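Features of the protein shown, as given by TrEMBL:
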- 267-396: domain 'O-antigen ligase-related' (DOMAIN)
- 80-98: transmembrane segment (TRANSMEM)
- 110-129: transmembrane segment (TRANSMEM)
- 141-159: transmembrane segment (TRANSMEM)
- 166-188: transmembrane segment (TRANSMEM)
- 235-253: transmembrane segment (TRANSMEM)
- 265-295: transmembrane segment (TRANSMEM)
- 301-326: transmembrane segment (TRANSMEM)
- 387-408: transmembrane segment (TRANSMEM)
- 420-442: transmembrane segment (TRANSMEM)
- 448-466: transmembrane segment (TRANSMEM)
Amino acid sequence: MVSARLRAPALIAALAIVLGALVGTASAFGPLYALAGLVVLLAGVALLVSTEAGMITVLAIATIIPFGTLPFKAIITPNFLELALAALSVVWVLRILARSDAYDLRVSSLGLPIIGFLGLTFFSLILGARGLPDSLTLHNYAKFVLAVLLFFSMINCVLTREQARLIIKALLLSGGGAALIALVLLALPDDFALSLLVSLGRIGYPSEGRVLRYIEDGPGTGLERAIGLSVDPNSFAGMLALISAFGLALLFARRPLLHRGILSGVVGLLVLALLLTFSRGALLGIIAAAIYLATLRYRKLWWVMLVAGGIGSVLLVGLGLADDIIQRLFAGIQLEDQAQQMRLAEYQNAVAIIARYPIFGIGFGQAPDIDLTAGVSSIYLAIAQRMGLVGLIGFVGLVAAWFSITLRAARTMDSERADWLLGTQAGLVAALVVGIADHYFFNIEFGHMVALFWGMAGLGMAIIALPDAAQTSGKQVVRGRWPVAEA
């Protein structure tokens with residue numbers, strides 16, 4: 001018997017609209033896009049009723065399909081990530097307003113400084129554009145702001161250990177899925193892999209130009225680089241470095257969230273895909289994170305690194321990749337290859353811009369002088385270029401404060417939370433080292449990278465605020481910045 005609820009005219013009308021939309025999509029674009037539309041619809045419904053589903057959706061999009069957009073043109077075509085980020089923020093804010101007896105706004109001790117930093121970015125945006133930024137810059141800046149606000153979504157949605165475990169697993173498995181996709185595309189014949197990637201053109205992905213990426217320009221002239229669905233191999237490598245470092249810390253934790261065999265496989269996929277991006281900056285990032293972990297807590301990691309390095313060297317020799325990787329590393333160190341020479345030119349250009357506009361930078365548009373070009377492959381120079389030395393000092397201060405807070409908090413918390421917190425530290429260490437030679441973690445066109453950086457920082461602060469085991473039986477209510485357990 002059909003329930004009265006199902007017979008409701010409003011529900012029947014809604015189902016008819018959904019069915020019509022799916023049939024129309026299948027007719028216009030094919031059944032694959034209709035299926036994708038159904039998946040997106042279900043994800044959207046889940047996101048609107050559950051913050052956990054929202055967090056998982058955000059992490060999955062940011063890692064697996066970060067540039068996916070709605071399959072139609074508009075004045076502004078939003079991508080999946082900004083829609084998910086906006087919906088997640090709306091859900092937890094409305095939850096606080098509707099259930100003020102159970103939930104309070106959490107901002108953490110870094111909340112106001114981060115809002116102040118966003119204020120500086122907005123000031124630089126308006127100042128650089130002389131009050132009139134173009135629509136594309138405004139749209140990209142809005143994506144950037146939504147990505148930074150993931151910090152607040154993390155600390156307001158991860159309220160229990162169970163939620164923390166779920167989010168950590170989601171991040172690791174999503175990253176592992178992205179790495180697996182990259183390895184599959186790399187193993188496929190170039191023409192077939194190209195056709196698969198070009199088929200994503202309807203949802204915002206490039207359908208011409210350099211879709212597949214090689215160390216040297218053009219297929220057949222150099223080694224193909226792993227890119228997954230992230231378009232750019234260097235940004236993909238930066239994402240892999242952050243998640244690999246996070247996973248490496250959890251792999252050596254006393255109480256791993258996943259079976260060590262599964263976790264080893266996920267971390268192995270991440271590191272292998274990272275190596276096959278041939279990104280020297282990302283490789284240095286994961287090495288720096290491993291050294292950080294070995295120095296701070298996991299002494300046996302030194303031996304693991306030596307053994308893994310030996311095994312990896314043997315595998316690379318066996319696969320015939322060792323000579324190419326070694327030559328690429330030495331060419332980068334000696335500043336002989338074209339990429340490094342271009343990077344040096346970018347650095348010189350960035351220093352010239354900073355010298356002319358040292359206080360608040362040039363904003364997020366084009367350089368105001370015709371003899372200079374905006375854009376540089378370094379997060380630190382990019383911030384100084386866009387926001388001036390004031391912005392750079394603000395960013396460095398935020399990062400330093402975050403590490404100071406998390407390092408002090410780790411000394412007094414239980415081992416499970418301390419392991420998780422150390423993982424977030426390792427992830428940010430990797431990102432900050434990658435940022436020396438890449439700008440993606442502060443690039444308004446790469447919102448997913450910004451979201452992963454600030455989401456990791458927010459996860460660390462959320463872990464600090466989790467109740468101790470003795471408090472978990474009490475009702476969890478957040479007052480002001482930090483939670484208190486009520487009996």
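Glycine too: its Cβ is placed from the backbone N, Cα and C atoms.
Unlike curated records, TrEMBL annotations are generated automatically.
Distant neighbours of the transmembrane segment (235-253): 62-63, 168, 171-172, 175, 178-179, 182, 226-228, 260, 263-264, 266-267, 270-271, 273-274, 277, 279, 281-283, 285-286, 289-290, 293, 297-298, 300-301, 416, 419-420, 422-431, 433-435, 438, 440-441, 446, 448-449, 452-453, 456; these residues of the same chain sit at least 6 beyond its ends, with a Cβ under 8 Å from one of its Cβ atoms. The transmembrane segment (80-98) makes no contact with the transmembrane segment (166-188), as judged by fewer than three Cβ pairs under 8 Å among residues 6 or more apart in sequence. Below 8 angstroms of C-beta separation, residues 164, 168, 232, 234-235, 237-238, 241-250, 253, 279-282, 284-286, 288-290, 292-293, 296-297, 343, 375-383, 386, 395, 399, 402-403, 406-407, 409-410, 413, 449-450, 452-453, 456-457, 459-460, 463-464 of the same chain, each at least six residues beyond the ends of the transmembrane segment (420-442), sit close to that stretch. According to DSSP, the domain 'O-antigen ligase-related' (267-396) comprises 95 helix, 0 strand, 35 coil.
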